[in-house]
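What follows is one structure encoded as structure tokens, with my remarks underneath.
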Amino acid sequence: MTSSNAFRCGTVAIVGRPNVGKSTLLNHILGLKLSITSRKAQTTRHRLLGIHTTEDTQFLFVDTPGFQQKHINALNRNLNRTVTQVLSEVDVVLFVIEPMHLGDADRKVLQLLPKNQPVFLVVNKADLMGDKGNLLPLIQDFDLEFPFTGIIPVSAKKNLYLDELLAAVREHLPEQPAIYGEDELTDRNERFLAAEMLREKIFRLLGDEVPYSVAVEIEKFEQEGNLRRIHAAIIVDKDSQKPMLIGKGGEKLKRISTEARQDMEKLFGGKIWLETWVKVKSGWADDERALKSLGY
Ligand SMILES: Nc1nc2c(ncn2[C@@H]2O[C@H](COP(=O)(O)OP(=O)(O)OP(=O)(O)O)[C@@H](O)[C@H]2O)c(=O)[nH]1
């Protein structure tokens, strides 16, 4: 076996301002809906490791939170610390941009990028560029601002050029055997995934009404044979936000729970008993200690 054919395994971070398509990219590479996507900015708050194993490579993806500038509070200070920490530890960084809306928000993320390791400029949403040749000079200007290892246009949503992206990343991963089993998708436990699935439904079903400070806390997670009993609290900042989540006659909460339960049953491959309720913890987004207790 020549050295270029040797098995490679390493970590990859996906960064970029909110809404450029980081979660979609990860999901499409993994071929599974593990991470949260939403039209609404800033839905990914946790680090999430997704694992993609091919014949000669194991990619360990770390999905980092978006870089949030609008809502500066303790929560967002934690987010920026997470971004910086993740980037100093990985083998390859994918910096995702959306060429139609390139600007200051992207430059803020640019400042967090490490200069001593491979960083690819991933130009996402290529499907929307059409014959907009005028975007190319913009991208070239951006390229001058940082010593990128390469520029790769992709469409995460349409699965365009993802193989090319992975091949380029592979070249920069260390030669070493796989760390995880081939069928392992994530090292996050089911408890974490259950909370993420509930959060996704809240974001989807509440649209623009959803409070930024909503969180999900799994209070109980028990398994009996093929049945999982999950008790989840949806945590909001203010009393006034409670009715938004509960809806008329509890209709909203019921729909959130039903849809989340159906997704969990598919992913975990078993029956789910899910109980949810809404809890008020005032000022939790500003309280670092409360954040820690919720696992941020
Ligand atoms: N047309 C098009 N839309 C895309 C593409 N990739 C992502 N999107 C859309 O862009 C929006 C944002 O995608 P996400 O994957 O949630 O973005 P994100 O960067 O993870 O966002 P945060 O979690 O807020 O940081 C969604 O509506 C996606 O469907 C693409 O290649 N083409």
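The backbone N, Cα and C atoms fix where each Cβ goes, and this holds for glycine too.
Residues or ranges marked as domain 'Era-type G' in TrEMBL: 8-175.
Residues or ranges marked as region 'G1' in TrEMBL: 16-23. Mean per-residue pLDDT, taken over the region 'G1' (16-23), amounts to 85.
Annotation source TrEMBL lists GTP binding site at 16-23, 63-67, 124-127. For Asn19 (GTP binding site), the count of additional Cβ atoms within 10 Å of its Cβ stands at 18 [all protein chains shown]. Reduced to three states, the DSSP call for Asn19 (GTP binding site) is coil.
Per TrEMBL, region 'G2' is recorded for 42-46.
For 63-66, the entry in TrEMBL reads region 'G3'.
Marked as region 'G4' by TrEMBL: 124-127. Panel annotation: around the region 'G4' (124-127), residues 16, 20-21, 25, 96-100, 153-158, 160-161 of the same chain, lying at least six beyond its termini, place a Cβ under 8 Å from a Cβ of the stretch.
The domain 'KH type-2' annotation in TrEMBL covers 198-282.
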